[in-house]
Amino acid sequence: MEFPVLKNDRLLRAARGEEVDRVPIWVMRQAGRYLPEFRELRSKHGFFSICQNPELAAEASLQPIRRFDLDACIIFSDILVIPQALGMTVEMLPGVGPVLPEPLVSSDDIYKLDVTADITKKLSYVGEAIRITRHKLDGKVPLIGFSGAPWTLMGYMIEGRGSKTLAKAKAWLYQDPNASKHLLKVITNSVVDYLVMQACAGAQLLQVFESSGEHLGPELFKDYALPYIKDISSRVKGRVNELGLDYIPMTIFVKGGHYALEDLAESGYDVIGLDWTIDPVEARQKVGSRVTLQGNLDPCALYAPEEDLRRYIKEMVKKFGKSHYIANLGHGIYPDMNPDRVAALIDAVHEA
Ligand code: 1CP
């Protein structure tokens, strides 16, 4: 597939550990509700209608790129397209977020999942959105593809919605380790196919979101998250290589996962995303010098007065250092954020 030549490769260089002229930055959830132009689009279309319409998904992906001097674009989609592809219903309820009205209740329910589903076909609309976005980006910045990690997806599939404790999903881990591992394996297979499809379609970096990592802790993480996270990087990179595609850097973001940083440094990912609860210097000590770190400004720091914000960012960049580093927030931007604050963030990173 021929795409326009990439003009800004800072993100990919930093991901590969190469020197950069300035620190690259992108923002988790940079496409979305804090942008008036997204709200305008969203007022006319359902959330999953935007995801499933490649032209609209490309439009939502490009909105932040038109507005800000970002160093990457992320494809507009959601992690819950995998449970959908496995046959589960997912609705997006205003004020609630994603809801799965028929969650998995017992291990028997795993057999209701459409495990033979051809993920590549079912989610081909994401591939098409990636192709269109790559063309429309015209090489301005690289395009990031993504997936949820198996434990995070298992959590939504059992809880049926976001949960403060994930107690139902964790009960599976303690009561039925074999069924839990079977489910995680089924999800992992889908994630691998899905990410390889995104790479084939033109994604230039792949990020895996383990957004529910904070609920596990070191022991459960070793048994129920890490093996699947590792399996994904090794199988995706192996398949991409077999297919003769360019090397594709991968990022693992485990929210609340500082207990696992040493292991994550050895898990086959090029970049480790950090939330704001760990000091950059401590994170670097834990992961060693080889991997690139991404993060980790508290999303709420954007509410601070401009002068304070600039100081926080300067301090953050100083602590991470300018090599092997991609600036980002420590989690997604909040929907009530003023877009001007994002412009200030990007500016301050570029100046730091
Ligand atoms: O009604 C709407 O418009 C819904 C708002 C919204 C948007 C804009 C949701 C619902 N998802 C998204 C897009 C989205 N989701 C993107 C693309 C945009 C971008 O990043 O620029 C991405 C990467 C995601 C990934 C995602 N979805 C994650 C992982 C990242 C993270 O925040 O930890 C998770 C956990 C989800 C689930 C989800 N989808 C939407 C919401 C509100 C949530 C979280 C809900 C919860 O747990 O309570």
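The backbone N, Cα and C atoms fix where each Cβ goes, glycine too.
Nobody curates TrEMBL annotations by hand; they come from automatic prediction.
Here is what TrEMBL says about this protein:
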- 24-33: domain 'Uroporphyrinogen decarboxylase (URO-D)' (DOMAIN)
- 144-160: domain 'Uroporphyrinogen decarboxylase (URO-D)' (DOMAIN)
**Residues of the domain 'Uroporphyrinogen decarboxylase (URO-D)' (24-33) by DSSP state, where helix covers H, G and I** = 0 helix, 1 strand, 9 coil
**Fill in**
For the domain 'Uroporphyrinogen decarboxylase (URO-D)' (24-33), the distant same-chain contacts (Cβ-Cβ under 8 Å, at least six residues beyond its ends) come to 10-11, 13-14, 39, 42, 60-61, 63-64, 68, 70-74, 76, 144, 253, 273, 326-329, 331-333, 335, 342, 345-346, 349-350
**Request:** With DSSP as the reference, give the number of residues of the domain 'Uroporphyrinogen decarboxylase (URO-D)' (144-160) in helix, strand and coil.
**Result:** 10 helix, 5 strand, 2 coil
**Request:** Restricting attention to the domain 'Uroporphyrinogen decarboxylase (URO-D)' (24-33), give the mean pLDDT.
**Result:** 97
